[in-house]
Amino acid sequence: RLQESRERLSVCSKLCYAVGGAPYQITGCALGFFLQIYLLDVAQLDPFYASIILFVGRAWDAVTDPMVGFFISKTSWTRFGRLMPWIIFSTPFAVISYFLIWFVPDISRGQVMWYLVFYCIFQTLVTCFHVPYSALTMFISREQSERDSATAYRMTVEVLGTVLGTAIQGQIVGKVVTPCIESPLFIGKTNSSVAMEELNMTHDTGSLTDTRNAYMIAAGVIGGLYILCAVILSVGVREKRESSELQSDEPVSFFQGLKLVMNHGAYIKLIAGFLFTSLAFMLLEGNFALFCTYTLGFRNEFQNILLAIMLSATLTIPLWQWFLTRFGKKTAVYVGISSAIPFLIMVAVLDSNLIVTYIVAVAAGISVAAAFLLPWSMLPDVIDDFKLQHPGSHGHEAIFFSFYVFFTKFTSGVSLGISTLSLDFAGYQTRGCSQPNKVNSTLKMLVSAVPVGLILLGLLLFKLYPIDEEKRRKNKKALQDLR
């Protein structure tokens, strides 16, 4: 009991730890919801090149996770800890590169390379922040209950971060009406290319300049929040070296550790289950702004619909934390994530109606909360199970977290690239006031049918996950004995 009381974290420590999760979610949400429509309608890139930027950026982001995990495992302990220096020194450079993503350079050629380079640089730097931050879960306490509690705080703040990202980006950008161009089909099919060129030349560009300025203002505000959260985390959290070490620990090399991690069955099954469910929500996130703007026709309301989803998710995080402690984490997965399916079907099948859309958005946010909380709440259980099977191996926390993120990000990059390319094949009109029927049908598939199929596949695979509540309790007792 005395040892458990020493391991207990104060509410202030948990809050400071939780605040560190906000930068990744704020920037990730802004990029996830708005980068695609920004590249297409504000930077005015061809959909093909936009798909390359989204795919390569996400794929590179995925590659950097295990790279950073490798270098962290080789990092020596300092008086600030082993993980905290990564967080501190990456922050200012990440903020600069994030701002430059939302800047439209005044160059006739090279815009594609500009966005690709700064997107990749930012993804590298934010990985240098988020991978050590994620692994920090194992270094703040040895008590599983304290880690679970801190994870619940973190998930609440992270979902709140998505609300901030959606609100800041959406409300600032939403105040400015982005100019659109009428489809040349209304002018005449015979001279549609000439008509489109004339409309581009004669359209007032002042409003488009205002839109670009709004994106930069939003980037500046989000960058300021990124720095503030990093300062609070570094000042308010103490990294405990002994929290992740067992009495019999002996160092093992990175590649030996990687082989051990990838041969751990519970880890692979957890990844397999959440890979597809996470992919479903990322696909929905990447295409929802376009879906609301063109398919539903809510050009001036989509930022408020996104905000309703995120607010609903934030408010229901405590509900899911109570649910998983009462009924178990596997049950929470089935109930929480599957509850999104009827609403994803409803938003695509029903006729466009603003009130119904808001109701569906609020209901879908409840499922989004479960998708946020559960993977990060269950990963420490897998690490504890690994420690029991390999008591002589330590220092692999970063590998577990970084490769979990790697698989999720890489597949999401593939899906976003393919979805944007699909819009190109369907005939997407850059800055169009409306889109062809093929584009609207494609968007319905991308935000409804495909995510539903991925969720069902993920839940089916998740039945193979071996750590239920009984096994989790046994692991906790065995780990305490080993310590």
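Each residue, glycine too, has its Cβ placed from N, Cα and C.
Taken verbatim from TrEMBL:
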TRANSMEM  15-39  transmembrane segment
TRANSMEM  83-105  transmembrane segment
TRANSMEM  112-133  transmembrane segment
TRANSMEM  214-237  transmembrane segment
TRANSMEM  266-284  transmembrane segment
TRANSMEM  304-324  transmembrane segment
TRANSMEM  331-349  transmembrane segment
TRANSMEM  355-377  transmembrane segment
TRANSMEM  398-423  transmembrane segment
TRANSMEM  443-465  transmembrane segment
Seg_contact(the transmembrane segment (398-423), the transmembrane segment (304-324)) with at least 3 CB pairs under 8 angstroms, min sep 6: no
Selection from 15-39, 266-284, 355-377, the stretch that has most Cβ pairs under 8 A to the transmembrane segment (214-237): 15-39
Range from 15-39, 83-105, 331-349, 443-465 with most C-beta pairs under 8 A to the transmembrane segment (266-284): 443-465
Contact call for the transmembrane segment (15-39) against the transmembrane segment (112-133), three or more Cβ pairs under 8 Å: yes
Contacting positions for the transmembrane segment (331-349) when only residues 6+ beyond its ends and CB under 8 Å are counted: 273, 277, 280-281, 284, 320, 323-324, 356-357, 360, 363-364, 366-371, 374, 444, 447-449, 451-452, 455-456, 458-459, 462
Contacting positions for the transmembrane segment (304-324) when only residues 6+ beyond its ends and CB under 8 Å are counted: 29, 33, 152, 155-156, 159-160, 162-163, 166-167, 170-171, 174, 288-289, 292, 298, 331-332, 335-336, 357-358, 361-366, 368-370, 372-374, 377
